[in-house]
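Structure, as structure tokens:
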Amino acid sequence: MSQEISYTPDVAELLDFDKKHIWHPYTSLSSPLNVYPVKSAHGCKLVLDTDSPVDVEVIDAMSSWWCVIHGYNNPELNEALTKQMLKFSHVLLGGFTHKGAVNLVQKLLKVIDEPSLQYCFLADSGSVAVEVALKMALQSNMSGEATKNRTKFLTIKNGYHGDTFGAMSVCDPENSMHHIYNDRLSENIFAQAPSIVDGLPTSQNGFEDHWNAEEVTDLKKQFELHSDKICAVILEPILQGAGGLRPYHPQFLIEVQKLCNQYDVLFIMDEIATGFGRTGEIFAFKHCQKYQDQHGISPSDQIKVVPDILCVGKGLTSGYMTMSAVVVNDKVASRISSPNSPTGGCFMHGPTFMGNALACSVAEKSMDILLRGEWRKQVSAIENQIYRELYQYIKNPDNGLIGTVVKRVSVIGAVGIVELYKKTDPEWFQKKFISKGVHIRPFNCLCYIMPPYVITTEELTKVNQVLIEVLHEWKSHINQ
């Protein structure tokens with residue numbers, strides 16, 4: 001059932017000011033997309049600020065750009081933030097420290113659970129984390145005679161790593177939203193991206209194990225051609241995010257690790273979108289060990305896939321505050337900290353809000369929730385439900401979507417992806433979704449869902465049903 005949205009004069013006035021003066025993400029000021037005012041939120045629902053005498057709620061299937069993993073107005077996170085707010089909101093991390101920062105890093109390292117990753121830099125946002133990671137890799141290589149001339153980054157096409165300059169330089173150079181800046185960015189090295197899979201062979205839903213060794217041919221070629229220039233490899237493990245929402249086979253990541261080992265190249269993993277359970281493992285790179293375990297490879301013969309530099313963000317604070325972190329191994333930390341390094345051992349980066357006490361308090365509690373382990377059952381249930389209700393429906397040709405308007409459908413952990421043949425009309429789609437009580441924000445040819453882990457079975461059923469309904473309406477719309 002659709003609902004009409006209307007506003008009180010006061011709210012309409014605010015929306016008018018917003019339209020004239022506020023720049024929204026990836027939007028034109030001269031012809032901005034419609035926006036919907038939110039007055040409160042709880043669980044998985046946003047409450048719109050309308051003139052209705054009863055609350056108009058929409059289920060947020062996007063987790064506010066993938067970060068609100070524990071849901072809105074979470075009592076535990078609220079309490080942690082409130083307690084800290086009454087003590088102090090922020091203190092310079094240069095020359096000072098505080099219990100919140102120390103406790104957060106202790107628990108973050110427990111969540112990561114990799115003995116080699118022991119050194120943490122707290123940053124502001126996902127893009128800043130990537131900038132820090134690139135800078136760390138460069139400075140680490142400056143400290144070695146054999147590596148000091150390695151200044152290029154190797155990545156794969158269809159990647160997305162953020163909107164700042166260094167991050168843009170490792171985004172897809174042809175099809176990304178940043179391609180217009182190409183001739184103004186540092187020039188890096190791009191290999192062909194791996195093929196998309198419908199789902200992972202590590203999934204409980206029994207996706208077929210399609211691996212083709214040819215997938216790494218171009219990557220190997222780039223290593224052979226440029227090994228003396230490659231400072232580090234950077235990529236999004238297992239699921240490429242805003243560059244196309246492309247899940248790929250764990251074996252590809254294993255092969256990348258082999259090449260990094262062979263050529264002694266640092267490996268940066270950008271888990272800003274995929275980290276903290278989103279793909280079904282606490283971090284996406286851990287699918288590699290699971291895949292090798294499934295194939296009966298003994299631990300002594302397995303390829304240990306683990307980054308030298310790990311970027312995390314989004315779910316770190318579950319959307320309460322902006323925060324990210326970069327975690328590195330001893331190899332990177334000791335090179336940067338060497339008295340013989342160009343800076344005398346200092347890493348020359350220091351955000352104003354580094355280790356913000358409010359952000360640390362809520363991030364620490366977010367880590368507590370993850371350490372309890374409930375996320376695994378939640379994400380597993382979400383994946384199963386998306387598979388049954390959305391994936392299987394769309395894959396059935398009798399339902400008239402696959403091969404007509406839908407090019408492919410994938411499910412990986414708490415992510416459902418529908419790629420269309422035609423580019424979406426965001427205004428048309430958002431109006432349809434909101435009127436039916438669901439928030440899904442499409443981009444390019446993609447409609448996808450990444451709900452909070454706390455979404456109920458009933459809420460997710462509604463999300464899946466509304467998405468299917470709107471896809472059928474889109475089919476009729478474009479065929480008019």
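Backbone N, Cα and C define each Cβ position, glycine as well.
Within Asp209, Asp264, Asp270, the residue that Swiss-Prot lists together with Gly126, Ser127, Pro351, Thr352 for binding pyridoxal 5'-phosphate is Asp270.
Looking only at the binding-site residues Tyr160, Gly350, Arg441, the one with its C-alpha closest to Asp270 (pyridoxal 5'-phosphate binding site) is Tyr160. Note: the Cα of Ser127 (pyridoxal 5'-phosphate binding site) and the Cα of Arg441 (substrate binding site) are spaced 21 Å from each other. Cβ neighbour density within 10 Å is lowest for Arg441 among the recorded positions Lys314, Arg441. Less than 8 angstroms from the CB of Gly126 (pyridoxal 5'-phosphate binding site) sit Gly162, Ile272, Ala273, Cys311, Gly313, Lys314, Ser324, each of them six or more residues away in the same chain. Annotation for Pro351 (pyridoxal 5'-phosphate binding site): same-chain Cβ neighbours under 8 Å, separated by at least 6 residues, are Ala123, Asp124, Val128.
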